[in-house]
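The structure appears below as structure tokens.
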Amino acid sequence: MLSVGQWPNKPFAWLLLFLGCSGLLGAALYFQMVLNLEPCVKCVYQRMAVIGIGLSAIVGLFGSGLWLTRWAALIGWLYSSYQGLLIAYDHWDLQTSKNAFFAVCESAPNFPDWAPMHEWMPGLFAAPGLCGDIDWQWLGLGMPGWMTVIFAGLLLIGIIVTICHIISSFTKKDGLVLYHK
């Protein structure tokens, strides 16, 4: 019987999270390289949040048997999802504001001096696009709208998994049961 509370103990669950993040980054690069949609600063920050979730998944994948690495992975997942949600929602709000004058953002990503990612890997982290431009839509939502939905989903799943993991850690039950045979 597989329970949500036991997911952090299973490398396969972390692998699925990593593959999901890899798919999101692959889609971002497809939009950038193939469709020629230039990312803006907020897009790059959202990309970093996805990378943060992916790195947390790698920590969980290789350290799911150890409680410290498992909790570091869960916290990294929750933190990166939350930050990504804030940035994506702010970007979405900026694009849908009535006054286009305020639909601007920084001209270059604000990375730490010790890790200028946009200088080290400009193909991935440079931000020549404008935050207010809506160059792509699907089902009425632009890229920031979809990323808001994705980050909200990742955060919600992360919260549920973490709560179930806490409950299953303090009880003899397996946590929230997904199915019965």
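Glycine residues also receive a Cβ, built from the backbone N, Cα and C atoms like all the rest.
As recorded in Swiss-Prot, the features of this protein are as follows:
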- 1-13: topological domain 'Cytoplasmic' (TOPO_DOM)
- 14-30: transmembrane segment (TRANSMEM)
- 31-48: topological domain 'Periplasmic' (TOPO_DOM)
- Cys40-Cys43: disulfide bond (DISULFID)
- 49-64: transmembrane segment (TRANSMEM)
- 65-71: topological domain 'Cytoplasmic' (TOPO_DOM)
- 72-89: transmembrane segment (TRANSMEM)
- 90-145: topological domain 'Periplasmic' (TOPO_DOM)
- Cys105-Cys131: disulfide bond (DISULFID)
- 146-164: transmembrane segment (TRANSMEM)
- 165-181: topological domain 'Cytoplasmic' (TOPO_DOM)
Checklist outcome for this item: Given the transmembrane segment (14-30), its same-chain partners at Cβ distance under 8 Å and 6+ residues beyond its ends are 8, 39, 43, 47, 50-51, 53-54, 56-58, 60-61, 64, 73, 77, 124, 150
Checklist entry - What's the most sparsely packed of the disulfide-bonded residues Cys40, Cys43, Cys105, counting other C-beta atoms within 10 A? => result Cys105
Checklist entry - By the DSSP assignment reduced to helix, strand and coil, which category contains Cys40 (disulfide bond)? => result coil
Item to check | Segment-level pLDDT (mean, integer) for the topological domain 'Periplasmic' (31-48) | outcome: 88
Item to check | Other parts of the chain folded back onto the topological domain 'Cytoplasmic' (65-71), taken as Cβ under 8 Å at six or more residues beyond its ends | outcome: 8-9, 59
Next on the checklist: I'd like the per-state residue tally for the topological domain 'Cytoplasmic' (65-71) from DSSP, helix first, then strand, then coil.
Outcome noted: 5 helix, 0 strand, 2 coil
Checklist outcome for this item: Between the C-alpha atoms of Cys105 (disulfide bond) and Cys43 (disulfide bond), the distance in angstrom, to the nearest integer, is 11
Checklist entry - Excluding the flanking five residues on each side, which residues at least 6 beyond the ends of the topological domain 'Periplasmic' (31-48) place their CB within less than 8 Å of a CB in that stretch? => result 25, 84, 87-88, 90-91, 94, 105-110, 117-118, 124-131, 133, 135-136, 143-144, 147, 151
